[in-house]
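Data first, discussion second: the structure below is written as structure tokens.
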Amino acid sequence: MGLVDLFFVASAPVLKVLLLTALGSFLALERMDILGENAMKQLNTVVFFVFNPALVSSNLAKTITFEGVVLLWFMPFNVLGTFLIGSALGWVLIKITRPPQHLKGLILGCCAAGNMGNLPIIIIPAVCREKGSPFGAPDVCHTYGMAYASLSMAIGAIYLWSYVYNIVRIFSSKVNEKVNADEFTSNKKPNGATSKLLHGNSSEAVLPSENCSVSVDNTTKLMLPSEEEKKGPILYAIKHYLRVFSGKINLKALFAPSTTGAMVGFIIGVVPQIRNLIIGGDAPLRVVLDSASFLGEAAIPTLTLILGGNLLKGLKGSGILQPLIFGIIAVRYIFLPLLGIIIVKSAIRFGLVHSDPLYQFVLLLQYALPPAMNIGTITQLFGAGKTECSVIMLWTYAFASVSLTLWSAYFMWLVV
């Protein structure tokens, strides 16, 4: 197929996404009051806890086997590459534009984390069903394409909540520390009020305490090593670092429902005994997989409507520098895809990626996606850059309609 034909094949799925996104934005308007703030929040909860896990687990269970896991080993490293390269480019963007402190975590997150789950799950099935698709029979393409997209969603969720989450947390904590310091400075009373606080009641401070010996004993106990430290200093150190690590990392967010669904799908697909019970026309528990697939089918249209409703917030936002928006667009739609082509083609040349054109297309597509929508959730958790995030999402997804079409057509031409 020629490049022009591939362009028309690639444009149809993006147009479908745009139509549903526009419908979601229309339903989210205040005068419509159908997909309002509360309705979208409830719908998002259902998608997060029910539809996405069902979609991921059912698709992975159908197609993933032990041999398939061996063939797909490169994808986790490919997704990690998008995060690391995006972070490096985002850091360069920060050095050039010098944004406010509270936006640095948001910029790094938008450059690092692409929409690894929702958009591939929407686009790839549409590409497979499109007439003239270069990836073979529509049913076979759809089955394997959904497995690749589901795996991409699960891996992207792990990196998003373990890597980007902590980047935004670190920068937002620095902002909060600075705000607290400024508040403390502004609340200091003039004319020596601070010294009065220190010296005004000094007579009470010099009075002897009846419990002084007890305080000394307690202080001595605090300074002495505990029995646990005496028995095993190495074990104590390990427990201490694990406690600190669990406090720093949001394990609940890391093991999101989609990630848990991917684990369940892996176990069902890889373990033959469980696979024979659930998958296949003669499987006694095949109704379980059929029910999960039925639930998962609702995820794609619902996700697209929510996407449109979220982007509407960007129209109400303001106050972000234009160079930042253009810089993020350049990182995600120019530099990352070009570097992704070099990485994936090099991996194919050295035999690290198997010869399935659809799999290669998914690997390349991971470098050309807009920022992950969950970055908005993360900024809301820490209260840093919420309004600016909506504006960034609006413009990056508006440009994605053109960028995804062009890159998808070019990626198809590269792999077929």
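Numbering starts at 1 and runs along the chain as displayed.
Cβ atoms are placed via backbone N, Cα and C, with glycine included.
What TrEMBL lists as transmembrane segment is 6-29 (among others).
The annotation transmembrane segment is assigned in TrEMBL to 73-94 (among others).
Summarising the annotation, TrEMBL assigns transmembrane segment to 106-127 (among others). Below 8 angstroms of C-beta separation, residues 9-10, 12-14, 16-17, 52, 55, 79, 82-84, 86-87, 89-91, 93-94, 99, 133, 135, 141-142, 145-146, 148-150, 152-157, 159-160, 163-164, 167-168, 171, 258, 299-300, 303-304, 307, 324, 327-328, 331-332, 336, 358, 362, 365-367, 369-375, 378-379, 384-385, 388-389, 392, 396, 404, 408 of the same chain, each at least six residues beyond the ends of the transmembrane segment (106-127), sit close to that stretch.
Annotation comment: TrEMBL describes 147-168 (among others) as transmembrane segment.
Residues or ranges marked as transmembrane segment by TrEMBL: 253-274 (among others). Taking Cβ pairs closer than 8 Å, the transmembrane segment (253-274) reaches residues 48-49, 52-66, 68-69, 117, 150-151, 153-154, 157-158, 161-162, 165, 289 in its own chain, all 6 or more past its ends.
Taken from TrEMBL, the feature transmembrane segment applies to 294-312 (among others). The list of residues near the transmembrane segment (294-312) in space but at least 6 beyond its ends in sequence, with Cβ under 8 angstroms from a Cβ of it, reads 17, 20-29, 35, 40, 43-44, 46-47, 50-52, 54-59, 118, 121-122, 125, 373, 376, 390, 393-394, 397.
TrEMBL lists 324-344 (among others) with the feature transmembrane segment.
The transmembrane segment annotation in TrEMBL covers 364-382 (among others). Outside the transmembrane segment (364-382) by six or more residues, the chain places 78-79, 82, 105-106, 109-111, 113-116, 118-120, 123-124, 152, 156-157, 160-161, 164-165, 168-169, 172-173, 307, 310, 328, 332-333, 336-337, 339-341, 343-344, 389-390, 392-393, 396-397, 399-400, 403-404, 407-408, 411, 414-415 with a CB less than 8 A from a CB of the stretch.
Cβ atoms under 8 Å from those of the transmembrane segment (394-415) belong to residues 1, 3, 6-7, 9-11, 13-14, 17-18, 21, 110, 119, 123, 127, 134, 307, 311, 313-315, 317, 325, 328-329, 332-333, 337, 341, 345, 357, 360-361, 364-365, 368-371 of the same chain, restricted to positions at least 6 beyond its ends. TrEMBL lists 394-415 (among others) with the feature transmembrane segment.
Between the transmembrane segment (324-344) and the transmembrane segment (73-94), the number of CB pairs under 8 angstroms, six or more residues apart, is three or more, so the stretches are in contact.
Tertiary proximity for the transmembrane segment (73-94) is limited to same-chain residues at least six positions away from its ends with a CB under 8 Å from its CB atoms, namely 104, 107-114, 116, 148, 151-152, 155-156, 159, 163-164, 167, 324, 327-328, 331-332, 335-336, 339-340, 343-344, 347, 352-353, 362-363, 366-367.
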